[in-house]
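Here the structure is laid out as structure tokens; the discussion comes afterwards.
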Amino acid sequence: EVLAGKYGEDSKLIYDLEDQGGEKCSLRYDLTVPFARFLAMNGNAYQNIKRYQIGKVYRRDQPAMTKGRMREFYQCDFDIAGTYEAMVPDAEVLRIAVEALTELDVGPFFIKLNHRKILDGIFSVCGVPEASIRPISSAVDKLDKLPWEEVRREMTEEKHLDPTVADKIGEYVKLKGGRELLDQLRADKELSSNAKAKEGLDDMETLFNYLEIFNVLDKISFDMSLARGLDYYTGIIYEAVLVQAEEQKRVAKPVNGKADGGEESVGIGSIAAGGRYDELVGMFAAAAGGKKASAAQRIPCVGVSLGVERIFSVLANRADAHEHRANEAEVMVISVFDGLLEERMRICSELWQNDIKAEFMYKKKPKAAAQFNACNKDRIPLAVIIGSEELAKGVVRIKDMRISSEERDEKDQGAVVARRDMVDELKRLLGRA
């Protein structure tokens with residue numbers, strides 16, 4: 001009951017339960033709200049804290065395993081709670097999000113960034129009634145999945161917003177960029193004269209300065225369409241998305257609210273998200289004490305949540321997209337014109353003794369083409385080539401099979417290396433010299 005309405009339209013995704021006494025309960029929707037509840041109960045001991053947590057959460061959602069959307073899944077949260085200089089912890093949380101996603105090697109990504117107070121200022125300037133701000137904000141939040149025409153229709157037909165007001169909102173929420181967008185919004189006299197919007201713009205300017213110091217500004221996109229459906233956010237909000245997924249969304253925008261193939265066309269969505277929630281702890285404290293929370297009980301917080309399963313889906317899809325090697329062999333021993341089975345066996349034995357993984361064909365007289373094809377198919381990086389002439393001269397030929405077919409000279413028979421130097425040369429080529 002304390003959280004009723006704080007999840008916005010996402011509240012329909014909460015698993016509601018009822019115990020034997022008829023008291024309403026729910027499965028854990030996220031890790032943020034339980035953390036805020038913990039702070040409300042133990043605020044005297046934890047006025048300032050940094051923490052991370054990995055745990056299961058639950059959503060009454062339509063599962064799509066390949067897109068990392070499930071009813072039961074893991075999230076990893078990092079939060080900073082306490083009163084600090086404005087935007088300092090916010091910048092650190094974003095820095096940690098960038099570092100984590102970079103280290104996980106999820107591929108090219110960027111972080112959409114906006115400020116709840118700027119959005120509220122825009123809605124006020126455009127003429128949205130106070131009671132309609134949150135429902136209209138939830139509609140704007142769908143712009144990453146629906147075209148503007150569909151969002152506008154929802155605003156005007158379902159939420160009964162004046163069409164001229166919706167068109168004004170449309171002019172703002174289509175804007176995105178970097179620092180230059182901040183300058184553009186400051187130049188808007190009507191918006192910059194709004195108290196909430198001005199406060200949000202000041203915060204964003206400070207944040208951009210700190211993000212530049214942390215060397216993550218290149219990963220940030222100031223996106224006016226980002227609204228975040230959860231109503232407990234009070235300041236900056238952000239979502240990390242893959243560049244490829246964002247491009248796929250632009251190609252596969254749904255028509256009449258429906259995408260061909262269902263959710264698969266929309267992409268994997270955000271892989272991390274979060275923002276500032278300054279009032280959530282105080283709300284719990286007030287509910288527990290039956291009176292307005294004191295200043296000490298209103299602990300401001302900012303955090304980010306990484307979707308563990310979604311990130312695993314991204315990594316699994318990337319792994320599947322790359323052809324896997326059939327084995328771990330590093331060298332293929334190949335004979336040309338003559339079978340030379342016993343000599344191939346001797347060379348392999350020598351390589352094995354020197355911790356070099358080698359293969360040869362189990363045939364007396366295999367065709368040279370078949371041996372090279374097997375080497376290419378198994379993506380074996382190096383080939384040791386022998387023939388009667390090489391044996392007589394005490395040499396072998398070593399060919400680097402990693403060179404692409406476009407770059408490779410088809411007449412290249414490999415570099416001639418003295419038999420006694422073969423092991424050292426192979427180790428050098430394998431980066432072990």
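Even glycines carry a Cβ here, placed using N, Cα and C.
Site annotation (TrEMBL): L-histidine is bound by ASP30, LEU31, THR32, GLN75, ASP79, ARG228, TYR232, TYR233, and the candidate from ARG59, ARG60 recorded at this site is ARG59. Within the same chain, residues at least 6 positions away in sequence whose Cβ sits under 8 Å from that of ARG228 (L-histidine binding site) are ARG116, ASP141, ILE237, GLU239, ALA273, GLY275. Counting other Cβ atoms within 10 Å of each Cβ, the binding-site residues THR32, GLN75 show the lowest value at GLN75.
Mean pLDDT of the predicted structure over the domain 'Aminoacyl-transfer RNA synthetases class-II family profile' (52-315): 86. In the three-state DSSP reading, GLN75 (L-histidine binding site) counts as strand.
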